[in-house]
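Undergrad: My questions all concern the structure below.
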Amino acid sequence: MENMQYAEELVREFLVFRGFTNTLQALDNELSTDIGKEFQVDKLIDLIFAIYIPRFQVDKLVGLLNFFKQCFSNLSENVLVDTLLKLEGYILRYYIVYAIQLGRKDMVLEFFGINGNELAQKGHDWTPWFAIPYVKNPSLDPQFRIYFSKEWYEGLLLSVRNFFNELFNGTRIPALLKISSEKSTVNHLKKDIKQLNLKLSQLQALLEEKEALIFQLRSSAGNAPSTLGTSAGQTSSTTSTTSFSGMDEEKNLSVSDKEIDVPATPSIGERELNPERAVGGPAKNVSRPWNESSSVADIEIENGKSDVSHMNCDDSYKDDGFQMQGEEEFPEVKVDFQETFLGHTSSISRCCFSASGNNIASASVDGTVRIWTYDSSTSASRNATIYCGAEIMSLDWECKSDRLLLIGTADGGIKAWNVDAKRVVCDLNTSEAFPSVLDLKCSPVEPIFVSAAASRRHGSNYIESLGFASLTVWNMKTWRAMSALPLGEDPPAITSISFNHNGKILAAAATDGMIHIFDMAAGLQITGWPAHDTAISSILFGPDETSIFSLGSDGKIFEWSLQNQGHILWSRNDARFCNPGTSMHCRHEMALDANGRKLLVTSSSVRAPIYQVRGYTNGLKTLPHSAAITTVDWHPTLPIYLTGSADNSVRVTSIF
């Protein structure tokens, strides 16, 4: 019975809840022997005819048969009860026959010595069998000959198998197993619904790509004549427009003559920008910004120069070169279901799904971490409240077993919580010089994790209060520090770290706008580049591992190519939703969905934006909280996201 294990878990959960520890211990002892073999027919047949009888374990054989008589003594069908008693007699007879065939009459005498009185009371059918040890050739005796035949043994085996199949697969099962079966059916249906929702989201993403391609082709066809005319008409003015053409699309860029040397006739190719232009920062002397909602900007850092290609103009962009969209331009997400968790008493600082997505960990400013589940079909046995005594600055789940939750605090503490044992299995401390554990990340492959800690200084907000950085690699078997990743002398604080899919590469983002890339096997930094003019708040590897997303404290978002270092594949300006203000508790944060198509970002508003990565739509906005959204995360496989808010609530939202 496939629901047996789930029913046993329900019983165990109830006993723990009621505090019946002695009963729980007795249950575990019984289950360790598992005399009924979970009522699996093949295992029972092997136990009787391949173990108990060949090994002459008559006490266990009789005990098993008595066990079934006790279990099913209250059956309403008298026919089944009578059949069970008859089969018991035939099995015991076969035990005697088997012992005689092997010349073990001593086993037969021992059997009658133990069970003789009970058998004698069952009637005259057993009376002749007391003489069988003394019969010279019982296999030739007319009274016993049939029991020594191969046909009788095969018939007995078939009868026992059919009886157990009828008994266990019928309706005569405990009510608890019926409930478990119904629960299992509901769970299967929910899983099917989730898979269908995931497939629907994939089809929607494909549809958006096709619509974007159609939009792009129409725009290119419609803009081509006017673009050429504009370029020709502006050659004598202080501002020139150069037209760049790609393989499959036409893009435009307008910049000052001081930055780009524009020839008399526009040509196809790359133009050299002012070498003093900072990568990722606002362009100098830009007369008309480029439209990154309908183009891809590739910026290459090489020998102090930046190359820009495939850019288009649009009046809807501000002078910093990024699209600015108001909240009202974002349509609201279409929600499948939404659950709200109200267990916290202060603003939410972190929240994240476990590696399986079954459990959620959320932390609040008051120093508590709560573990919970949003799905009623998932066991609540892992639910817990952890009191850390200090502000929680980072959370991360161990990837492989999904049993350990790492918690980083503002007093230099790193706690490892075992969700099954419901206790702290290790309590570590960083150096006193670096008390703020800003981020923790577990390797997806190796039993290690990396902590990003920082020193403190006086500041008016989260970023300004951070000092120097420390990156430490920890062993999760010995719970000891293995090494420190090199960052140079007095390095700016590392605010966010991210492993790639195989744990060989670690990306780290710093408050000076730098991205650092480390080889974990060598323990060395292998590359890095200036990505933002301001501090970087969050960093993520793209789903295909060929790009890195970075989010600046000023709200600018970049997707950087790892194949062509320094190239920007996609970008957005989230400044409309980003207002660092004077908060000392929260940082700007982002999360990618399982397909890498949707990017969810925290917001100073009551709604958070969901950007379509490399898409041509404005994006979506979440349903509102009653205060700012301070932390976000996506389910590892499903179109479900988390939002934690300053209104003390955490919401789980499934979208179509």
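In case you wondered, yes, glycine gets a Cβ from its N, Cα and C as well.
Taken from TrEMBL, the feature compositional bias 'Low complexity' applies to 226-246. TrEMBL lists 248-261 with the feature compositional bias 'Basic and acidic residues'. Taken from TrEMBL, the feature domain 'ARMC9 CTLH-like' covers 56-169. According to TrEMBL, the domain 'Anaphase-promoting complex subunit 4-like WD40' annotation covers 489-541. If you look up TrEMBL, you'll see 341-382, 487-528, 529-564, 622-656 marked as repeat 'WD'.
Describe the structural surroundings of these features, if you would.
TA: Taking H, G and I as helix, E and B as strand and the rest as coil, DSSP gives the domain 'Anaphase-promoting complex subunit 4-like WD40' (489-541) the counts 0 helix, 32 strand, 21 coil.
Regional average pLDDT for the repeat 'WD' (341-382) in the model is 92.
When Cβ-Cβ distances below 8 Å are used as the criterion, the repeat 'WD' (622-656) is approached by residues 194, 197-198, 200-201, 204, 332-342, 344-353, 355-357, 360, 362, 364, 374, 585-586, 589-594, 598, 600-610 of the same chain, each at least six residues removed from its ends.
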Undergrad: Would you mind listing the long-range same-chain contacts of the repeat 'WD' (529-564), meaning Cβ under 8 Å and 6+ residues beyond its ends?
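TA: Answer is 278-282, 298, 300-301, 322, 463, 495-501, 507-515, 570-578, 580, 587-592, 594-596, 599, 601, 611, 613-614.
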Undergrad: Give me the DSSP three-state residue breakdown of the repeat 'WD' (341-382), ordered helix, strand, coil.
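TA: For the repeat 'WD' (341-382), the helix, strand and coil counts are 0 helix, 17 strand, 25 coil.
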Undergrad: Helix, strand, coil residue numbers for the domain 'ARMC9 CTLH-like' (56-169) per DSSP?
TA: 89 helix, 0 strand, 25 coil
